[in-house]
DNA sequence: TAGATTGTTAATCGATTAACAATC
DNA sequence: TAGATTGTTAATCGATTAACAATC
């Protein structure tokens, strides 16, 4: 009932702080203030301090946050060094791009196999990774105790894929299709609809166009800006 | 000062309703209730009705929303049929996947050129699209009156790319790099940090693991689920 | 010490959810 | 008509922002 648990936006910001702390530490900078971090992460010093209040460590008044130590604290808190295995279904352009995306390594994610139902794709390799038929997914996922699944198929295949993932014991699904798969309550789905992001950008542009003559609608800009 | 303007989450949900209305209409279904739409979009009937209150049209009591008409209303409201041109910088795997992404056509987005600074990539083609040097960006963008830019470069190149975009008159930037570019106030940046999304999934998995023995923490699950 | 910066509590804000009257 | 469903206003909730005491 009471609010245990860190808000999702804080979680994401912590990753941004982590990157900045680490790079500062590598440059030999020993401390960063909440103001420095806010600047790098596109937020406010108050927000940084609030976010840091979820961590099991404190900064130093008048000095700031020790870069190396806090990079480690966040690394720990977010579990960045834990090896997290995932499977990806849908070996199209987007699926392949994600399979080869270099940034995932830095957060400890490793995609271990791809799946697809296109006979043309099955048996191919994407980087080091094999492409297997979707049939093979549940047992492989179960055997390897994989908990994360990524869906980059078309909408019409997505529900069947999600079902297969759930059958194999996957608990967190990152869904790039436009369908919202139905899953049991204990499975988290994060829907990443790329088109809807563009709608947001295009809506902003239209609002600019409409409001250019009347001039300066700062309130509206602020409102749109803030929700990154 | 007062809250004009639709919330960003509503904007994105409208796109989901639109897809479902259109497909129902094509199947010959004439009406959908807020409950039907809620089910398809993963939200509640109340939320659907609230979102629809931003549209210049109403449903019918006891009947629901006419599918074809409401698909058109949303199409209009979101400007889906307006041709929106964009440029993309960073012709790596992710950039190419976005350039070839079929879903953008359905929301009226057209990526018209790619840019990159890698001499190996300049002059290549990605689908029908040419890859040009980043130097050429500002003048081309200005000449073509392009307002949307997509950044899929590494973090170290991102600020220079954003600057070039702003110089050419771009007003909305979709940024896939981990750097948060500094831009003038009238330019909207949407940051799409793929790794941070994974952090959310992995944090959820860890919370499950930690709480499996004590059993059933529905509050926590709900909280995490809801923020899609 | 004085003053910069942290940590935390309280106030605000915006979005979601609930309630319910209006309608066909 | 009775009852299902809409539209809208009010209540709740959660996250952000502001305020300020504590600290080095």
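A Cβ is built for glycine as well, from the same backbone N, Cα and C atoms used for every other residue.
Taken from TrEMBL, the feature DNA-binding region covers B:16-55. Residues or ranges marked as domain 'CoA-binding' in TrEMBL: B:80-180. Annotation source TrEMBL lists NAD(+) binding site at B:90, B:91, B:92, B:93, B:94, B:95.
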Residue B:90 (NAD(+) binding site): secondary structure state under DSSP, collapsed to three categories: coil
Average model confidence [pLDDT] within the domain 'CoA-binding' (B:80-180): 98
Cβ-Cβ distance under 8 Å to residue B:91 (NAD(+) binding site), same chain, at least six residues away: B:99, B:114, B:115, B:116, B:118, B:121, B:124, B:126, B:131
Binding-site residues satisfying Cβ distance under 8 Å to any chain A Cβ, from B:91, B:93, B:94: B:93, B:94
Residue distribution over DSSP helix, strand and coil in the domain 'CoA-binding' (B:80-180): 38 helix, 27 strand, 36 coil
Fewest other Cβ within 10 angstroms of its own Cβ, chosen from the binding-site residues B:90, B:92, B:95: B:92
Among B:93, B:94, the one of these binding-site residues whose Cβ has the fewest neighbouring Cβ atoms within 10 Å: B:93
For the DNA-binding region (B:16-55), the number of residues DSSP places in helix, strand and coil: 27 helix, 2 strand, 11 coil
